[in-house]
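Residues or ranges marked as signal peptide in TrEMBL: 1-15. The domain 'Ig-like' feature in TrEMBL is assigned to 47-158. TrEMBL lists 165-260, 266-355 with the feature domain 'Link'. Feature annotation from TrEMBL assigns disulfide bond to C211-C232, C310-C331.
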Amino acid sequence: FLLLLEATLLQLISSFHHPFYNGFYYNHIMNDKGNGQEKEVDFNGARLVVETPKDPIYSSNGANVTLPCHYHYEPDLEGKHKIRIKWSKLRDDYTKDQDVLVAIGKTYVAFGNFQGRAHLHQTSRREASLVLSDVRLQDDGKYRCEVIDGLEDESDVIELRLQGIVFPYQPPRGQYSLNFHEAERVCQEQGAILATFNQLFQAWTEGLDWCNAGWLADGTVQYPIRQPRKQCGGLHLAPGIRSYGPRHRHLHRFDAFCFSSGLRGEVFYLDHPAGMTLEEAKQSCQDAEAEIARVGQLYSAWKFLGLDRCDAGWLADGSVRYPIAKPRANCGPAEPGVRNFGFPSKGRFGVFCYKER
């Protein structure tokens with residue numbers, strides 16, 4: 001029976017060849033006796049209300065989080081039908097929602113990369129909360145909680161925000177050399193993902209000022225300006241997020257704004273009296289049962305763990321950087337930040353390594 005029910009749930013999501021309503025069938029609903037006979041579903045005369053918190057829910061990479069959702073009727077009544085619950089994730093570019101989970105009664109099916117990580121939390125009456133375990137960077141965003149009772153279908157939206165950091169990224173070949181798909185890839189290679197507009201805006205409120213335009217997750221190209229200046233849109237424009245709008249994802253080329261969240265391990269520094277080449281640096285991390293750190297990991301360690309080191313070190317992409325939490329003489333500008341030496345073809349430096357806990 002459970003296999004049959006799961007197959008039915010999958011069909012409800014994937015089929016487009018029969019009459020349907022928001023992904024669920026209403027003219028072919030099995031009765032509660034399980035004898036294969038169909039029954040008509042009538043409107044019960046009560047208004048279905050679905051509620052989620054209006055404030056965002058905050059979490060971090062690798063954590064577990066619950067997205068609360070409850071429903072009730074006005075006027076109150078005892079539900080006679082099997083309630084159907086559907087969770088979906090809204091996409092930044094407003095294309096079709098991503099299916100997360102569908103449930104009928106106590107049986108549910110999770111989809112895509114939510115399989116094994118998503119389940120319902122129904123400890124109280126008329127609760128339809130979603131639990132996500134092992135939260136990932138891609139989980140950040142808005143979710144729709146949809147409750148279906150016969151012909152009644154109501155929903156509400158809740159936002160999950162990951163505590164993280166946005167950093168601009170240029171590859172070794174230089175400024176404005178990435179199309180959208182390449183920008184996605186380089187962020188992933190650095191332990192991050194392309195930032196959303198909300199993440200970039202949050203970073204701007206926290207002080208991010210960057211004059212080079214970069215891709216965001218929705219395919220737009222934007223950049224954050226705190227101090228207006230001639231070469232960054234003009235002196236007379238107010239501070240804010242400058243936008244080029246949507247760009248061609250294959251033809252146009254810019255930098256990238258990447259987003260990284262909390263770490264599941266630690267970043268530490270290794271040095272050698274004579275310094276190390278990039279290959280020697282990678283080997284030193286391996287000898288320490290670690291790996292050479294990625295750019296996103298260094299930014300996260302600086303942001304969330306207060307990593308402060310006034311010594312330049314290699315990173316996995318071939319760049320040389322160092323994190324400063326407490327600015328001081330001979331360690332760069334007067335503001336905290338991750339200092340960047342670029343991609344030196346020669347030279348010997350220390351190395352930042354990353355080790356999982």
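Note: Cβ is positioned from N, Cα and C throughout, glycine not excepted.
Note that the coordinates shown come from a computational prediction; the quantities given were computed from them, not determined experimentally.
A straight line from the CA of C232 (disulfide bond) to the CA of C331 (disulfide bond) spans 26 Å. Here the CA atom of C331 (disulfide bond) lies 23 Å from the CA atom of C211 (disulfide bond). The Cβ of C331 (disulfide bond) lies under 8 Å from the Cβ of C310, Y322, I324, R339, each on the same chain and at least six residues away in sequence. In the structure shown, across all protein chains, C232 is the one of the disulfide-bonded residues C211, C232, C310 with the greatest number of other Cβ atoms within 10 Å. Secondary structure of the domain 'Ig-like' (47-158), assigned with DSSP and counted as helix (H, G, I), strand (E, B) and coil, comes to 6 helix, 58 strand, 48 coil.
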